[in-house]
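Written below as structure tokens is the structure these notes are about.
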């Protein structure tokens, strides 16, 4: 592989394009918000902008996260091969890529209404702050929940020009769900994080981690039900919620022994939980339109 090809491969990995799980976990609630806000028929232009925006902003988040953690990642088994930690990408190159992607994402929201633009400014600030919360709080996953739910009010604003009270049920559901699955993710790195001083809810919850994750899963379930109720959704969405319960139970089984590999499997399984909810919501709208 040529030096140029190696550099582009490093950029590709820096943006986590080789690991789309994070993009998918961001995408499902965003698409659900667009469906609920538009009563099942989102504007195609808005839909395309948000799909591209999710991919780009997830890449931005990964870059700024690796920048913040670059001196710590080399001490953690799972992260020591990341491009910044390994030296494949320089700090200047990473920050330049972050700015370019951020400006591109901002240019997308400029195609939408002023409220979306205002919300996007808050979103980019939250994205920049998040990686540093792991230094000063034991609850960075709770901050991440806000960051990863921010596309929801933006989606409502893009479709309706406002953020109605009903939008916050989906926001709350996704916040609780994010805290649950990112705590599973943090359980994978818990031993290494303790050594290097990174804080997480997996460390904070300690031996009660499984029970507290379960409580967040239950809270997410209740809020997903409320979000569907506020949108007058029917049986098919309800079946999707039941599927979410099944996935959550399976994840609890996986994390029972707190083995790294199983905790990571539980985290990955949340992609299917999100997909099932989105498909159920879409099917519910499609059936109602018959």
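Glycine too: its Cβ is placed from the backbone N, Cα and C atoms.
Keep in mind it's a predicted model, so treat the numbers as computed, not measured.
Ranges compared are 168-188, 189-209, and Swiss-Prot records transmembrane segment for 168-188. Residues 14-17, 22-23, 26-27, 30-31, 34, 94-95, 97-98, 101-102, 104-105, 108-109, 111-112, 123-124, 127-128, 130-131, 147, 151, 154-155, 158-159 of the same chain sit 6 or more residues outside the transmembrane segment (44-64) yet have a Cβ under 8 Å from a Cβ within it. For the transmembrane segment (168-188), the list of distant contacts is 25, 29, 32-33, 36, 78, 141-142, 144-146, 148-149, 152-153, 200-203, 205, 209, 212-213, 216-217, 219-224, 226-227, 230, 248, 251, 255, 258, 260, 263-264, 266-267, 270, 273-274: same-chain residues at least six beyond its ends, Cβ to Cβ under 8 Å.
Proximity of the transmembrane segment (143-163) to the transmembrane segment (21-41) is established through 3 or more Cβ-Cβ distances under 8 Å for residue pairs spaced 6 or more apart.
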